[in-house]
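I have placed the structure first, in the form of structure tokens, so that the comments after it can refer back to it.
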Amino acid sequence: MCASVKYNIRGPALIPRMKTKHRIYYITLFSIVLLGLIATGMFQFWPHSIESSGDWSVEKRTGRDVPLVRLPADSPVPERGDLSCRMHTCFDVYRCGFNPKNKIKVYIYPLKKYVGEAGVPVSSTISREYNELLTAISDSDYYTDDVTRACLFVPSIDLLNQNSLRVKETAQALAQLSRWDRGTNHLLFNMLPGGPPDYNTALDVPRDRALLAGGGFSTWTYRQGYDVSIPVYSPLSAEVDLPEKGPGPRRYFLLSSQVALHPEYREDLAALQARHGEAVLVLDKCSNLSEGVPAARRRCHQQQAFDYPQVLQEATFCMVLRGARLGQAVLSDVLRAGCVPVIIADSYVLPFSEVLDWKRASVVVPEEKMSDVYSILQSIPRRQIEEMQRQARWFWEAYFQSIKAIALATLQIINDRIYPYAAISYEDWNDPPAVKWGSVSNPLFLPLIPPQSQGFTAIVLTYDRVESLFRVITEVSKVPSLSKLLVVWNNQNKNPPEDSLWPKIRVPLKVVRTAENKLSNRFFPYDEIETEAVLAIDDDIIMLTSDELQFGYEVWREFPDRLVGYPGRLHLWDHEMNKWKYESEWTNEVSMVLTGAAFYHKYFNYLYTYKMPGDIKNWVDAHMNCEDIAMNFLVANVTGKAVIKVTPRKKFKCPECTAIDGLSLDQTHMVERSECINKFASVFGTMPLKVVEHRADPVLYKDDFPEKLKSFPNIGSL
């Protein structure tokens, strides 16, 4: 009891001290947390250091903001450009890594001001053009601000014009870059290389293994497949409003607008003008211009002044001659005007020649043939000239009109080298949008790997055999690679079954009702076909297993320009009748696979519907026969290749079908098959079908191997 009283007496004296200590502790802890939050917020909103990789733009910087880097006189200098460099020897593709979007990542170094030991700047202030170039890259899908993810590195050192550089000190600045590593995976942009008196055709700054996107390369300095030849940008053609002029003959047949040309060229041009009179116009700089008129905007012939570059639109052909440098900005002006450039500059590597087909937009004439240039140009057909005029204008719009266009085209070329299976096609580089929108991609120019949109679309042509149709749908739906099933309902007198009656399958099923009962309806390029691969299958082909169909699709992926199918047939020459004969009996050879069950590229639907020679398509529809033979002729004629028969199965007769169910069971129908071959051979003017003696089977087919370990165990019987 006494102890209890004693405790109660002392208790009240201890409790306030404990509360005070705890209060001080929590206040201190709260203060620390609050200060931490304030500091974090200030860090987030306070201007970051210049080392922030994304903050390089000169528009965001003043001279005080840019860190100064002083280069000692004995700073290391990179080796001269290695002329032996190629992508497989000097480029580290492993830095690019796996990228599901097949896009390289480009890192731009933070902006810094480099000065020599005496404090003299290495180069002039960053130019507007180079700032636009870096901005274009940073705004593109290629850009990354994470240096560890970068595949390509671009310095913020302006190298566009060598005249504004101190060559040695610039090289020393490059060597100071944190990821330089002898220039590996570094991209340098230069449009005006060399300097007096030699004017070399490549940047004189030592750069070791760095890639060079240069204007004015010669074949002696250009590392094919490594460097990128780019245009010399013309601000004049980019800034002047020059409405497009339609193709066709113009006032002058040939025009020269360059100033400060070599005297020998001037003599040749004068001789051309004297020989051909007003058809040739030779311009030079103007000597007596009114005050305030920019000299760059005028050209003169004798005492007559012309607005430049507007005068270029008055000529059919415009000459582009070598000057002190091989690359000339006049090429951009000429393309903008829709004038066909006549390039007379031996060894000049044309801009983006790795991907652009300059034969479609220009005429290249050797310097020694300059006196014959007029007769050479006269030999070009008028229609070809008009096409070249359109192509010239398109090249300017797509690749020359801005620094951004030049930068992105350069990165796309490098991207295509690193991810060749996803490279842009020849047509995409060279065809104007109007041409591309009106055409279909040719399957003969497919990527090196199958498209990412895996799978195939099964097209079932049917009339009224609903029961067997449903069985076909059920069996085909078991194939793992099936993407969509399209039923072509060819019966105009009967409606398809109600939606609730159709088999429930895992992929979309679409029914298309046709306006007329035509066999060619199965080969129409329906919008619903979204995959590259198409499986044409009849509504009575109920015997094929899912393994057989999946294996057939895998074979097609290896040979996407072939007809890959199951029922094999042969054409033979009948010596007694002196004509072709259709053979359906089992033989050692095959020249056709019937499209009652066959894979092919969807492009051939387009060709069958719109490009089938002669009256074959109408003949097929009128006779209700031979659409499959017509497709075999078409594919063989386009590709020059044989069909591929897959799996050993030879019997494709529907066991439940009666004699009146199928067209192919009619004797007259079989006789017409031979007539079809002769008819089609006559229309094509040749026999395109190729005879082969092999078929494709799974690797372990008939091997004494556990079935469960085979990829395609259920290939079926004959």
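Just so you know, glycine gets a Cβ as well, placed from its N, Cα and C.
The feature UDP binding site is assigned by Swiss-Prot to Leu461, Arg465, Asn490, Asn517, Asp538, Asp539, with similarity to another entry given as support. Take the CB of Asp539 (UDP binding site) and look out to 10 A: across all protein chains shown you find 26 other CB atoms.
Secondary structure at Arg465 (UDP binding site), taken from DSSP and collapsed to helix, strand or coil, is coil. Neighbours of Arg465 (UDP binding site), defined as other CB atoms within 10 A of its CB across all chains, total 18. Summarising the annotation, Swiss-Prot assigns UDP-N-acetyl-alpha-D-glucosamine binding site to Arg465, Asn490, Asn517, Arg522, Asp538, Asp539, Asp540, Glu627, Asp628, Arg673 and lists similarity to another entry as the type of evidence.
Among the features that Swiss-Prot reports, Mn(2+) binding site is placed at Asp540, with the record citing similarity to another entry. DSSP classifies Asp540 (UDP-N-acetyl-alpha-D-glucosamine binding site) as coil under the three-state reduction.
The annotation protein binding site is assigned in Swiss-Prot to Tyr582, Ser584, Lys651, Lys653 on the grounds of similarity to another entry. In the three-state DSSP scheme, Tyr582 (protein binding site) is classed as strand.
Summarising the annotation, Swiss-Prot assigns disulfide bond to Cys85-Cys90 (among others) and lists similarity to another entry as the type of evidence. Packing around Cys85 (disulfide bond) is summarised by its Cβ count: 21 other Cβ atoms lie within 10 angstroms of its Cβ, all protein chains included.
Taking the Cβ of Cys96 (disulfide bond) as reference, residues of its chain lying under 8 Å away and at least six apart in sequence are, in sequence order, Ile104, Lys105, Cys151, Ile418. In the three-state DSSP scheme, Cys96 (disulfide bond) is classed as coil. The disulfide bond annotation in Swiss-Prot covers Cys96-Cys151 (among others).
Cβ neighbours of Cys286 (disulfide bond) (same chain, under 8 Å, six or more residues apart in sequence): Ala295, Arg298, Arg299, Cys300, Ala305. In the three-state DSSP reading, Cys286 (disulfide bond) counts as coil. According to Swiss-Prot, the feature disulfide bond maps to Cys286-Cys300 (among others), an assignment based on similarity to another entry.
Residues or ranges marked as disulfide bond in Swiss-Prot: Cys318-Cys339 (among others). Using a 10 Å Cβ-Cβ cutoff, Cys339 (disulfide bond) registers 30 neighbours.
The annotation disulfide bond is assigned in Swiss-Prot to Cys626-Cys676 (among others). Counting Cβ atoms from all protein chains shown, Cys626 (disulfide bond) has 23 others lying within 10 Å of its own Cβ.
The N-linked glycosylation site feature in Swiss-Prot is assigned to Asn288 (among others); the stated evidence is sequence analysis. Taking all protein chains in view, 7 other C-beta atoms sit within 10 angstroms of the C-beta of Asn288 (N-linked glycosylation site).
According to Swiss-Prot, the feature N-linked glycosylation site maps to Asn637 (among others), an assignment based on sequence analysis. In the three-state DSSP scheme, Asn637 (N-linked glycosylation site) is classed as helix. Counting only same-chain residues at least 6 apart in sequence, those with a Cβ under 8 Å from the Cβ of Asn637 (N-linked glycosylation site) are Phe684, Thr686, Pro688.
The topological domain 'Cytoplasmic' annotation in Swiss-Prot covers 1-25.
As annotated by Swiss-Prot, topological domain 'Lumenal' applies to 47-718, with the evidence given as sequence analysis.
Positions annotated as transmembrane segment by Swiss-Prot: 26-46.
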Any idea what the model's mean pLDDT is for the topological domain 'Cytoplasmic' (1-25)?
44
Proximal but sequence-remote residues of the same chain as Cys318 (disulfide bond) (Cβ under 8 Å, at least 6 apart):
Leu254, Leu255, Ser256, Ser257, Leu312, Val330, Val334, Ala337, Cys339, Val340, Pro341, Val342
Say you check the Cα of Ser584 (protein binding site) against those of the recorded positions Asp539, Asp540, Cys676; which is nearest?
Cys676
Among Asn490, Asn517, Ser584, the binding-site residues in question, whose Cβ has the most other Cβ atoms within 10 Å in this structure?
Asn490
Cβ-centroid neighbourhood (8 Å) of the UDP site, Leu461, Arg465, Asn490, Asn517, Asp538, Asp539 excluded
Val460, Thr462, Tyr463, Leu469, Val488
Between the recorded positions Cys151, Cys300, Leu461, Cys676, the one whose Cβ has the fewest other Cβ atoms within 10 Å is Cys300
Between the recorded positions Cys85, Tyr582, Cys626, Asp628, which lies closest to Asp538 (UDP binding site), Cα to Cα?
Asp628
